[in-house]
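Heads up: the structure comes next, in structure tokens.
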Amino acid sequence: MTYPNLLDRFLTYVKVNTRSDEHSTTTPSTQSQVDFATNVLIPEMKRVGLQNVYYLPNGFAIGTLPANDPSLTRKIGFISHMDTADFNAEGVNPQVIENYDGGVIELGNSGFKLDPADFKSLEKYPGQTLITTDGTSLLGADDKSGIAEIMTTIEYLTAHPEIKHCEIRVGFGPDEEIGVGANKFDAEDFDVDFAYTVDGGPLGELQYETFSAAGAELHFQGRNVHPGTAKGQMVNALQLAIDFHNQLPENDRPELTEGYQGFYHLMDVTGSVEEVRASYIIRDFEKDAFEARKASMQSIADKMNEELGSDRVTLNLTDQYYNMKEVIEKDMTPITIAKAVMEDLGITPIIEPIRGGTDGSKISFMGIPTPNIFAGGENMHGRFEYVSLQTMERAVDTIIGIVAYKG
């Protein structure tokens, strides 16, 4: 189905810079997200027909569309995030490519281009309307496509009361891209049976497995002396960091793994001979494998300290989120419904693990099973990001089908 306001709504949203800031100590992490929620989203939530609309101190804009059929007793939530990833989000100037011809798309005058030879996903979209960047910023389809789709769903249902639906709760939240947005989510206040994050990629994505995730902060304490007299005295912290890294499995890196394979990822190293700090992330799907990865890092640190005769290697491990499959597989109702709706719409469900996390990873463990459905974005988090308008329309169709489902 086509929705006349969907494209303009999306273009309005992406032109607002809502980049999050991982170094901030506030919630939301940037004032621009507060302004976007209070000045743009909340007024529009009221205009499209949501009731009991309010903004919480945790950064979430919340609203409700009451059920219009007493036989549909479920309460279902839909959640998307306002922030965009760590890439330029100022001066977003989207290009609208109607009836895409399957060829190369020049991204404004930037010198960058979307070429099917480099981005095979483009082969799916001839004849469709694509929204791209101008090459100077990201687009923000992650996740403003989701926000636009949810808002358009509410607008359509309000205008078409003949479509019977259950109670719908909507939540637009902050700071998903920096991994903290759902930390303060108020599950009791949201009060639904289950929810969906509308934060996926291409048409048909339906996901209920995420990584389990941890962060590892390492400190290597060296002893710097003049290299000319260093023998037997110097302890080079840089070499300690290298030795530690070399004891990790050499093939367990993001660039060498896929599917259900986990990894260690060295994110950052700073330091000198005297001391080094290194940051890793640890990812795996199975709980035992996840715990084993953390234990392995601790074992390497302990062994090095024993061999060095002092505690020169300090490791701090912090769990970040867990595989939501552990919660959702106890009651697959949200997956069963979404799958049935997609199939009824002629959409092939793509049920694969997310090699990452979503707000749903944390919200599921707060008592609201929250799988993820497609929002349409491709090549997210950079200048090559784009989205198909037709995929966004199909996302709206899917949300409508979910809330009207009577099975």
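Quick reminder: no glycine exception, Cβ is built from N, Cα and C everywhere.
Look at Swiss-Prot and you will find D83 tagged as active site. D83 (active site) has a Cβ environment of 28 other Cβ atoms inside 10 Å.
What Swiss-Prot lists as active site, proton acceptor is E176, and the listing cites sequence analysis. For E176 (active site, proton acceptor), the number of other Cβ atoms no farther than 10 Å from its own Cβ, over all displayed protein chains, is 26.
According to Swiss-Prot, the feature Zn(2+) 1 binding site maps to H81, D142, D199. Long-range neighbours of D199 (Zn(2+) 1 binding site) (same chain, six or more residues apart, CB within less than 8 Å of its CB): I79, S80, H81, D142, D143, G146, E176, T358, D359, G360, N372, A375.
Secondary structure at H381 (Zn(2+) 2 binding site), as computed by DSSP, is coil. According to Swiss-Prot, the feature Zn(2+) 2 binding site maps to D142, E177, H381.
In this view, H81 (Zn(2+) 1 binding site) is surrounded by 29 other Cβ atoms within 10 Å of its Cβ, with every protein chain counted. Here the binding-site residues are D142, E177, and the one ringed by the most other CB atoms within 10 angstroms is D142.
A gap of 11 Å separates the Cα atoms of D83 (active site) and H381 (Zn(2+) 2 binding site).
Sequence-distant contacts of H381 (Zn(2+) 2 binding site), defined as residues of its own chain at least six apart whose C-beta falls under 8 angstroms from its C-beta, comprise A85, D86, F87, L138, D142.
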